[in-house]
Each structure stands twice: as C-alpha cells, then as structure tokens.
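Over in Swiss-Prot, the protein carries these features:
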TOPO_DOM  1-117  topological domain 'Cytoplasmic'
COMPBIAS  16-27  compositional bias 'Polar residues'
COMPBIAS  49-66  compositional bias 'Low complexity'
TRANSMEM  118-138  transmembrane segment
TRANSMEM  142-162  transmembrane segment
TOPO_DOM  163-171  topological domain 'Cytoplasmic'
TRANSMEM  172-192  transmembrane segment
TOPO_DOM  193-215  topological domain 'Extracellular'
CARBOHYD  N206  N-linked glycosylation site
TRANSMEM  216-235  transmembrane segment
TOPO_DOM  236-241  topological domain 'Cytoplasmic'
TRANSMEM  242-259  transmembrane segment
TOPO_DOM  260-280  topological domain 'Extracellular'
TRANSMEM  281-301  transmembrane segment
TOPO_DOM  302-786  topological domain 'Cytoplasmic'
COMPBIAS  359-374  compositional bias 'Basic residues'
TRANSMEM  787-807  transmembrane segment
TOPO_DOM  808-818  topological domain 'Extracellular'
TRANSMEM  819-839  transmembrane segment
TOPO_DOM  840-867  topological domain 'Cytoplasmic'
TRANSMEM  868-888  transmembrane segment
TRANSMEM  892-912  transmembrane segment
TOPO_DOM  913-920  topological domain 'Cytoplasmic'
TRANSMEM  921-941  transmembrane segment
TOPO_DOM  942-975  topological domain 'Extracellular'
CARBOHYD  N955  N-linked glycosylation site
CARBOHYD  N964  N-linked glycosylation site
TRANSMEM  976-996  transmembrane segment
TOPO_DOM  997-1353  topological domain 'Cytoplasmic'
COMPBIAS  1292-1301  compositional bias 'Polar residues'
COMPBIAS  1302-1326  compositional bias 'Basic and acidic residues'
Amino acid sequence: MASPPHQQLLHHHSTEVSCDSSGDSNSVRVKINPKQLSSNSHPKHCKYSISSSCSSSGDSGGVPRRVGGGGRLRRQKKLPQLFERASSRWWDPKFDSVNLEEACLERCFPQTQRRFRYALFYIGFACLLWSIYFAVHMRSRLIVMVAPALCFLLVCVGFFLFTFTKLYARHYAWTSLALTLLVFALTLAAQFQVLTPVSGRGDSSNLTATARPTDTCLSQVGSFSMCIEVLFLLYTVMHLPLYLSLCLGVAYSVLFETFGYHFRDEACFPSPGAGALHWELLSRGLLHGCIHAIGVHLFVMSQVRSRSTFLKVGQSIMHGKDLEVEKALKERMIHSVMPRIIADDLMKQGDEESENSVKRHATSSPKNRKKKSSIQKAPIAFRPFKMQQIEEVSILFADIVGFTKMSANKSAHALVGLLNDLFGRFDRLCEETKCEKISTLGDCYYCVAGCPEPRADHAYCCIEMGLGMIKAIEQFCQEKKEMVNMRVGVHTGTVLCGILGMRRFKFDVWSNDVNLANLMEQLGVAGKVHISEATAKYLDDRYEMEDGKVIERLGQSVVADQLKGLKTYLISGQRAKESRCSCAEALLSGFEVIDGSQVSSGPRGQGTASSGNVSDLAQTVKTFDNLKTCPSCGITFAPKSEAGAEGGAPQNGCQDEHKNSTKASGGPNPKTQNGLLSPPQEEKLTNSQTSLCEILQEKGRWAGVSLDQSALLPLRFKNIREKTDAHFVDVIKEDSLMKDYFFKPPINQFSLNFLDQELERSYRTSYQEEVIKNSPVKTFASPTFSSLLDVFLSTTVFLTLSTTCFLKYEAATVPPPPAALAVFSAALLLEVLSLAVSIRMVFFLEDVMACTKRLLEWIAGWLPRHCIGAILVSLPALAVYSHVTSEYETNIHFPVFTGSAALIAVVHYCNFCQLSSWMRSSLATVVGAGPLLLLYVSLCPDSSVLTSPLDAVQNFSSERNPCNSSVPRDLRRPASLIGQEVVLVFFLLLLLVWFLNREFEVSYRLHYHGDVEADLHRTKIQSMRDQADWLLRNIIPYHVAEQLKVSQTYSKNHDSGGVIFASIVNFSEFYEENYEGGKECYRVLNELIGDFDELLSKPDYSSIEKIKTIGATYMAASGLNTAQAQDGSHPQEHLQILFEFAKEMMRVVDDFNNNMLWFNFKLRVGFNHGPLTAGVIGTTKLLYDIWGDTVNIASRMDTTGVECRIQVSEESYRVLSKMGYDFDYRGTVNVKGKGQMKTYLYPKCTDHRVIPQHQLSISPDIRVQVDGSIGRSPTDEIANLVPSVQYVDKTSLGSDSSTQAKDAHLSPKRPWKEPVKAEERGRFGKAIEKDDCDETGIEEANELTKLNVSKSV
C-alpha cells in the first residue's frame, strides 16, 4: 500500500508550479488558487503530478493576442512539446529528470532487447543470402566476399548470445554502437570490391573472365539498397542518441557516395559529363536526404511514443494505487457510520451526486410499494429502502449519571473533549466486544449485538460491553477527577435495522424492543447492568445476577404499566470463581491484543511507525511469560509496552490513542493520528470501525504541505520534483504491469488487433473522437499532430523524389514526359490540400464552420482515413513510376536512378504509423514488385528493339538511338544476374519494411492502450472521490470536514443558532408490527423524511443543516456555518430561512397526505434560537451534534407543542414577529431548568378565537412514543412538563391528555395567513434583549420524573 509521500501525490492541491525550459529555480513561478468550498463543485481530477509544465516547450497554451484590427482574441499557436516532461534538448529526446529517464530505459529494456535481437536476425539473414548469392554466381573470390559475410554471421551469433547476459543490460548502448560500426565497415567494404577473374571456366559468357579492374561486384541499385537498410537499422533499432545516430548516418552517406563514385563500374555505368556532375551529386544528395528524413522521423516518433507510453503506463499504475487508496478511503469512510453489510448496499448507489440520487429515488422502480395489509395499495413508487428485520438481537443503552452536573461549569470545547475522550473509550471497547455502535444521543450511548450480522453470543457481547463501560468510566473519573457513573440497560428481542432519509443518514434500529431496552436503562442502577428476563435466558451462571426489584426501588405507580410483569435482573460483574470472559478487564488493565503471530504495538490506528520497530517487537517478546488468554473467546493479551505510554503514565487499553494528542506545545502529531488517516495498511482494511476524522486529516495534511510551504517552493522545486520522480519510480518498479505491458502487449500477434473487441472499436474511433471533442494538442504523440507530421513528411518525400527525377532530365538534356508533369501537378495539389487540412485540424479546428467541421469529422473516420492515407503514402511511388518511359530502356542512368528512387518510395511506407501495418506493407510489396516487372517487360512497341530494360545494362554506348545496340559480347554482363540481384535487394528491403511497420503499429497501439488505461483509472478514481464527497456530505457538514482536516476535534460556539424539532405526532397510530415487524410503516416514514431532505437540496435552504432523525422526529439547525453567516445581509437572516423551512415542511406533509388514501399525518414543530455548541463526537463512528439550552428548549417546544402548528419561545417570537410573522399567544409551559416559559403558536388563528383546550394539553413525550423510536433528547433527559395556561376561552373543551390523540383532528387545509411581505422579508430588527434566567444543572433525584408513558405501550 502507498506510503505517506504517495498520499501526498494522490490528493491534488491548488498550488501550481511552473518553470522555464531550462528548469532554473530562479525562474520558478508559484501560483496558489483558493480552495473551492462549495459542496456542489468538484475539482477536476488532474493527472498524476509527474506531468508538470516544466518542459522544453514552455507554456504550450500560448499567450492571447489580438488579431487584426478588431477586438477578437486568438491564442498564439505554438508547437507542442515532444512528450510530457521532455527536456529542452530536442536533439536528444529525453526526460528532464534523470530518475525518469533511467526508469524509462530500464522499463523499456525488454522492448529494446527484443528489437536488437530482431536486428541481429535480419542482419544475419541478409549476410547469409548475400553469401549464397556470391557463392553461386562466383562474382568474386570466396575469400573476398563470402568469407567476410560468413564471419560477420558468426559475429551476429555472438552478439545474440551476449544479449542474454547481464553485461548487455548495462552496456547495450555501447553494444549497439559496436554493431553499427561493424555493419558500416562491412557494407562500405563491399563498395570497393571489384570483379576478379576466376580460373576453371572457359565459357565466354563468364562475367569475371573479361572483367575490368574497376568493375564492382554490386550494382548501384544493390549497394544503395544496402545503404538504406543500414541507415534504417541505425535509426530504428540501434537505440543510440539522436545526435549520434544522425552524425553516424550522415558520415556513412558521405563515405558511401565517395566510395561508390570512385569505384563506379565504368563498363555498365559510365561517368556523367562534367556539366551534369553537379546534377548527379545533387540528386544523390536529395535521395540520401529522404532516407535521413524518414529515419529521423521514425526515430523521434518512436522515442516520443515509447516515453509517452512509459508515462501513461506509469500513471496507470499510480492511478491503480490511487484507486486502492480511494477505495479503502471510501469503504472506511462509510464504515465509520454503518456496518459493512449495510454499507455494501449503499455503496451501489453512491456513484451519483446526492441531488441526482434524490431525483432518481423519486422515480425508482414501482415494485417497492406498500405491503401493509391495513393500507390499501396505490400506484406510488418509493425510494430505495434498505431495512431488514432481525430476531434475537441484544440492545444496550447506557447513560452517564451526573453528566449535567459535570457539564455545568465546562466550556464548549472542554465538554466536547470530555465526551470525545469518554466515547472514544467506548468505541474501542465496542469494537473489541464485537458490538455494533449505533449512535449517541447527548450523553446516551447505545449499541447492539447480533445485528446486522447474527451472532449466537449476542447477549454475552452486550453484557461484556456494559461491564467494560462501567470500568472505563471509573478509570475516566480517576484520571479526570470527575464524579460520574454509568447506568446500563440491556434487552433482547426483534429489531428493524436500516437507514432512513437521503441526507445525514446513519444506521439505526427501531422496534418496541428497542424502546424497552431504553426503559431498562432508565429503570436501572448506576454501576450495574440492568437486563430483562429475555436477555437473561441467553446467559449462563458466569455473572453475579440479582433481582432487579424495580417496584421496590421505584414504586408501583408507573412501573407496572411499563414492564407489564416483565422480570428484570441486575448484573454487577462476573463470579470470582468462574470468570470466563475477561476481554474488557484485560483491555482496561493495560493489556493489548495479540492477533496470531502479529503483535500489536498499540491501539489500532497508530499506523506502522511503531509496529515495524524491531526493538519494540523484541520488548514485546519479553512479555510473553505474562500472557493472558480469555477462556470464553480465546483472545490472547499481553502487557502493553511502556514505550507506547504517553509520558510514562499508565495507558488505558480501551482509551483512544489520541485523547491527549492535541497538546498546546505541539498540536496534532501525525504519528499519533487516528488510523484512518495514517497510511492505509492491508491489515486495517478489514476494520469496520475506524475514524473518519483521520481520513480527513490525512487528506488535508498531505494536500496542505505545499500550501503551508508555498513561499519556499521556488527554492525547493527541484528537490521536490526529484523526490516526486523518485517516488514515482519506486512505485512502478514494484508493479509487474510495466514489464508485462511492453513484453506481452494485449494484442493479437498476427492481426495486431486488440484482444478486447470493445477496445479495438474504441481504438478505431479514437482519432475521430479527438477531432469531435477538439482535444488540445499537448505533445507530439497527439493523434492529430502525429498525422500532421506524417503528412508533412509525405509531402517532403514526394517533392524530393519528384525534384530528383526532374533533375535527371536536366542532366540528360531531355524534356520530362507530359505524364510525369500531369501526375506531379495532381499529386502536389493533393499533398498541399492534405497538409492544409491537417494544419487546420491541429491548430484552427475551433475556427472552422459547422459544415467544414462535419467534413473533417468524416475524414477522421477509420475507413476514410485509411483510404486517404493509402493515397498519400503512395504518391511518392506514383511520382517515381510516372517517369518510366521508353527512354528508360536505352539510357542506363534512368533505370538505375529509377530503381534507387523506387527503393525510397518503398521505405516511405513506414510512414503513417497510425494506419494498419498490413495495408502499408501490402502496398509496399506491390510498389516493390514494380521494378521487377520493369526489368522483364519491354516498354518499346517495336519488337526489333531491346526485349527488356535488362538489355540496356549491356549497352555502354552513349548513343540514344533505341534501335542501335552493338556491344562486345565478352564485356556484357548476363542480364539474369542483374535481375536476381534486384529481386534479392527488394526482398530484403520489403522484409525490413514489414518488420518496422509491425513494430511501429504495436508501439502506437501500446501508447493508445496506456492512455486508455490511465484515463480509465482516472475516471474510476474521480468516481470514487465523487462518491467519497457524496458520503462525506451525508455524514458531517462540509465546513466541518474541512476543519477536521487540520484539527483533531471539532467544537464551536455559536451565539445565535436556530433549532427546530419536527415530529410526526400520530405516527404511533399508523405504526403496527403485525406485518413484517412494521417495516412497511417505516417505508412510508422514509418517504416523508426523504421529502424533507429533498427540501434541503434547494438553494434557498443551503444554510440549514440536518442534524439527525430520532424516530419520527426531524431535527435541523441553521446558523452553524460562520462563512455563510458572514456572507448574509443580516446576522439573523438564517432564522427566517429556518422558519420558512418549517412552514415548507408543513406543506410537504399536506401534499404527502393527499397521496395517502386513509391516513393523514400531523406535524408538530418546535422552534427556538440562541447560543449553542456544535461539535463532532466519537473516534470510530463520528456524529455531528449540537448541545445547549437552546437545543433543550427547542425540544420542549416540540414535545409541548400543538399539532399542525409551530411553537416558538418568547425570544424567538420577538425576532420573528419583527420579520412580519403573526403568532397566537399560547401561555406558559414548565421547562426543566428554566421554569415557566411563554410560548407562541404559528399560524395565527384567523377567526380571532382563543386556542382550543385540546391544543393546550401536553403531547406525549417523544422519548416513549410507540412508533419504535428510541426518542431520547439530544441532551439531558426530558421532564414530564405541565403547562400553565394563562387564559382559556369560554367555549374551550375540557378534554384531558388521555383523549388527546383521539380528539386532535386539526384540518390539514387550515387557512394560513401569509405574514411575510416581500418588502418586509429583508428587514430585521435590532438585537433582541433576552431575559436573564438562572441556569440550573442539578439532576432530579427521582428518575421517575423522566418517564411519561402512554397507555398504548
């Protein structure tokens, strides 16, 4: 897995660094872009940072300049760089980094070695054929021609064997140079080898019998073909630097022509006159220029594609590593809020943005319909709903006794720190006891065992968890000098588990058994675990168990109605004589778990900095004598080493490792960060409870390195880039993909098509897509720019060959044939048109008209491009053959020169590497067969003349009469020898062309495949990051996530935050468990909550944060994002937005009821504002929550409110009334800790009647609703409140609270007065004076006052 530097490279940052072509640090420019904080904006995923702008071409984008006299701006067009990270030395294409260049040469070495071996095979095969040719025809002594060729064949065998040694891998460049010089020497030596008489043959036809001393063994066509082959091998397979190859090639051409002219065969090829000598030299020079132009082009493009492919494959490997990290990041992020089995289902839909997924959920499959027997079926499509019923699940609720008193004199930051510390211990213990943490509600902590994955020992897990929590809080009190205790309740039964809503979702459980478990905690005793009879049935006698005696302790009044005769028990600990499971005790006593052979050197999440230390491991081995083994679960524990303790103090094994990591002196220490933000290790990926906070800190820390040190980047840029390149090299060296990629390409070895048919179709349409998308040209490897270079080379070769052909007529003082002129004119028009279209397609595609753009897109298709390419690549050959006339048969210079030009026309088919090699090689074969046909076919219509052009070889007369041929027979060369030599020449040349075309197409396809793989990985990573962002926004607010990147914890005080609690008050009447345990009822509730969540996606409500859902209660707040508050026109503008949101929730419920056939839900809303504290609690499962009296009062405004109306406090009334809202004064209610409070109701009654009595009565407590919710307030326990009515209407009803649910039938279509006018909505009053109230934090002694039970339980 990736190391921390790799993490730094994975997460892009907003610092841009660029330099000039020289890479001088003095010219480095640093640009820091501001972070985009909008949750809806996603930065475009950039390529791996190895692709920097520090290249030889500088800024390829160009500088805008004004065109003409108008105001139109056009970018200045510049040539792109050779390849990404190319050096400024164009004459030696290399990377600008030594590390990258060495890695590229190392990774490309299999391809280099393979091509060099192919070159040895070709050279050896050519030597063998020429040896056979000379030996058969006895054109020279064997010792002169055959022996050197055979000796060189043995040398090639030696070179081939040398390629299998390690010495060749280190010195393959010197080996190529040595072979090149040997080939040069051998081929140049053949230039001055003359024909020598051979005894033993008396026939007059023997060529050597009457040979002159100046007659050479090879014709000019044969020797020129050998020159072409040598030069092409030099430029394509010898792998020497470009400047060295070019110098050697030019030197070889000069020596070749020098030797060839000096040892010219005067008998067959008389020297031209003095006037025509300069035309001869110019023509030969142009032919050699064509060879070098084609060779340099092939060399450069081969290097460009090779290095581009290396970068693409390297980026693909890096993106593969990124993909692993992003996948682990996303998995651990979602596992931090829900179990793995539930997360896997949710991950399937996480590939969409939250707002898009909401729309998709609204139109989901119609199969998800209401299935409750008492509800009539209706054609309503539900959102995806993941909830399942599980039996035999143990539920644990734990409450901190004395928390109100402890928090009375604590600041917000201190309180959040204490809760984070304490709940961190519980999270660690929950993980070790195999329980699944559900959530925290204020100071309440609850978890389950046997859900969502069944466990046979679920009851033992919860009991051990409860006992461990009691011990953990005892240690907490000793360390923090506090006086708090734990009250734990456990019950076993059936639950519904799943997720409700579309935003700020979390895994939760619901059922009546859940409520009963909550009741067990409320009726329990501090310091003991209160269990039900259902849980006791799953336990043996290992625990000290006593009767619960609930009635004796609390009385008969309400308990009998609550428990309904259920027997309860209290567990104080394990029996001393049979303590079977001691996991919690061992963890709390400073022991740590030993997992098999791997010794954990600290709590999970500390990374590998200490676990890999040999001294730490040795210290741990010394403690094996003190090992402890749990008799129940078999877990082995060892004493924790003192090195892991902080400052030598005894460490708590269940305590989170960074409870004190934020020191005033040092701040957060990366080494002691949570495990999720440390470099992800393989053994940590299976952990289902890890910290999201660590993920955010890791991303922020590594992404912020360059931001924090941006001022030093100009001086350290080179060092940073070297380290980056070194890390890039280290990563790709560990991956086998690079070697397999070059040595085993994913293509068919015969057809060269991709093995994947879909990839092959994509490859054939890639060029057209480049044109359609108008993709920018960045490097020479770009398909459109590569085509431009091919067309330019084709035009150059065509003009050069045409010029040399016309020069021969100038030298011979013969007018050129009309056919050649016509072909030249038409071909030149095609070449110029193709060149103009290519330039237009590369640089000015955005300026063409629509019709021209469609034409260019059609031309870029696979078949049209091949047809046009076949024409362009054949134009040089067509131009050469257009000069073949009857003069070709009489003047020896014409067939020799035409044959030489035809050789260049054949090798020109190595151009246009984007086209099929089969097509180009086949066309080259057809063109190569042309000279062979011309040698044996006469073009002269008179049969009495020479029968074929081969007869012209036997005529050395300077006469141009085609019907006069008198050559002494003893000086004539046999025509068959020239024909056989030409056949051998073209066969070897075509063999080289077929080989090079195949290699170059493979190289081009590899480059495309590397690009596709890199883009595919980038797309996957971007999708992963989008999913992670989507999940992140649904776990905690975006601005909180940004803060957690740089801070260990998050807590913030807000002076004026708005809070609402909205409850579906009659959901208990709708809820039934007689069908699928009430699952379909919660499906309906999920739809309603989803509609509420959909409101939050509107821009008008962007300042509102959903906090949580508690059963059928929806909690939201505003004013928590200080950045948005500063942008607002008034500090209290968010309160108006929150109130409008509450009104919109009322409308949503009315619309929802219109689709219900028999039941109408009723919404009750409580509103309050004031100072509050927002923070993130937890270490393995984070929870964003808010605390304070403001939250408590808002909860009371809901629980004491009125159906279908919004109840607000007096402080909120003063603010909202000045915004134009009209309220009814209700009276006063008793709020715990606040006494009597005046409240107001919205909307105001329109008939000026007083409020009915049934609206003044107290609604059932949210904590004990029968809707299956756990119903606990986010802070302290909710008291049983009795309001004090200020005034009562004469006609008020006298209904009591027992009949409230039946009498409360408010009309859902109550006429509401619109209180806010357009001109008044933006007007706000001055600061609101608040009443001074004494804060009381003393808990009520009698726990019964917290129970408000309805008869329906």
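The backbone N, Cα and C atoms fix where each Cβ goes, glycine too.
Of the ranges 118-138, 242-259, 787-807, 819-839, 976-996, the one with the most Cβ pairs under 8 Å to the transmembrane segment (281-301) is 787-807. Per-residue confidence over the topological domain 'Extracellular' (942-975) averages out at a pLDDT of 43. By the Cβ criterion (distance under 8 Å, sequence gap of 6 or more), the transmembrane segment (892-912) is counted as touching the transmembrane segment (976-996), at least 3 such pairs being found. Between the transmembrane segment (172-192) and the listed ranges 118-138, 142-162, 216-235, 242-259, 787-807, the one holding the most Cβ pairs under 8 Å is 216-235.
DSSP places the residues of the topological domain 'Cytoplasmic' (913-920) in helix, strand and coil in these numbers: 4 helix, 0 strand, 4 coil. Counting residue by residue with DSSP, the topological domain 'Cytoplasmic' (163-171) contains 5 helix, 0 strand, 4 coil. Sorting each residue of the topological domain 'Cytoplasmic' (840-867) by its DSSP state yields 23 helix, 0 strand, 5 coil. Counting residues 6+ beyond its ends, the transmembrane segment (118-138) has Cβ neighbours under 8 Å at 145-146, 149-150, 152-153, 156-157, 159-160, 163, 179, 183, 198, 201, 208, 217, 229, 233, 237-238, 977, 980-981, 984, 988, 991-992, 995, 999 in the same chain. Residues 109, 113, 116-117, 120 of the same chain lie 6 or more positions beyond the ends of the topological domain 'Cytoplasmic' (163-171) yet place their CB under 8 Å from a CB of it.
Residues 74, 77, 764-765, 767-768, 770-772, 774, 777, 782, 784-785, 787-788, 914-916, 919 of the same chain lie 6 or more positions beyond the ends of the topological domain 'Cytoplasmic' (840-867) yet place their CB under 8 Å from a CB of it. Among residues of the same chain six or more beyond the topological domain 'Cytoplasmic' (236-241), those with a C-beta under 8 A of the stretch's C-beta atoms are 92, 112, 115-116, 118-119, 172-173, 176-177, 179-180, 248, 295, 298-299, 302, 996, 999. With DSSP states grouped into helix (H, G, I), strand (E, B) and coil, the topological domain 'Cytoplasmic' (236-241) comes out at 1 helix, 0 strand, 5 coil. Within the chain carrying the topological domain 'Cytoplasmic' (913-920), a Cβ under 8 angstroms from the stretch's Cβ atoms is held by residues 301, 751-752, 767, 783, 786-787, 790, 865-866, 869-870, 873, 994, 997-998, 1000-1001, 1003-1004, all 6 or more beyond its ends.
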